[in-house]
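Peer 1: Copying in the features that Swiss-Prot gives for the protein in this structure:
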- 6: ubiquitin cross-link (CROSSLNK)
- 11: ubiquitin cross-link (CROSSLNK)
- 27: ubiquitin cross-link (CROSSLNK)
- 29: ubiquitin cross-link (CROSSLNK)
- 33: ubiquitin cross-link (CROSSLNK)
- 48: ubiquitin cross-link (CROSSLNK)
- 63: ubiquitin cross-link (CROSSLNK)
- 14-89: domain 'Ubiquitin-like' (DOMAIN)
């Protein structure tokens, strides 16, 4: 049977496959046609990422179905909870109005001697 693989660039690849073929086999065929290594390929069908060991019939992929090819990200993304933690650590600070020292969020006086341990503090401006 014939299926289509659409890339992010909009290019459509036509593949000749069987319903018993595994996702690994499909990725190998894409590599043969496009030169993209299978470990960098992610195939999406009906909003689901296809797992390597499963077959096309497991996902109910029939003739003339369209799969979407997405390349795997090289780096990682920051998990939302880690992003919030990093933001709290880096952005929740007080700033001395005289010497611009970065101080803990609950500080009431500056720790530096050059400004005379002033109590003129402001919160650090948030990133946009």
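Placement of Cβ uses the backbone N, Cα and C atoms for every residue, glycine included.
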Peer 1: Give me the DSSP three-state residue breakdown of the domain 'Ubiquitin-like' (14-89), ordered helix, strand, coil.
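Peer 2: Taking each residue of the domain 'Ubiquitin-like' (14-89) in turn, the totals are 28 helix, 18 strand, 30 coil.
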Peer 1: Quick one: Cα separation, residue 11 (ubiquitin cross-link) versus residue 33 (ubiquitin cross-link), in Å?
Peer 2: 12
Peer 1: I need the CA-to-CA distance for residue 33 (ubiquitin cross-link) versus residue 6 (ubiquitin cross-link), whole Å please.
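Peer 2: Taking the Cα atoms only, residue 33 (ubiquitin cross-link) lies 13 Å from residue 6 (ubiquitin cross-link).
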Peer 1: Please identify which of 6, 11, 27, 29 has the densest Cβ environment, defined as other Cβ atoms within 10 Å, among these recorded sites.
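Peer 2: Answer by Cβ density within 10 Å: 27.
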Peer 1: What average pLDDT does the predicted model assign to the domain 'Ubiquitin-like' (14-89)?
Peer 2: 87
Peer 1: By a 10 A CB contact count over all chains shown, which of the recorded sites listed here is most packed: 33, 48, 63?
Peer 2: 33
Peer 1: Have a look at the recorded sites 6, 48, 63 and say which one has the shortest Cα distance to residue 27 (ubiquitin cross-link).
Peer 2: 6
Peer 1: Out of the recorded sites 6, 48, 63, give me the one sitting nearest to residue 29 (ubiquitin cross-link) by CA distance.
Peer 2: 6
Peer 1: For residue 11 (ubiquitin cross-link), what is the secondary structure state per DSSP, taken as helix, strand or coil?
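Peer 2: Residue 11 (ubiquitin cross-link) sits in coil per DSSP, no helix or strand.
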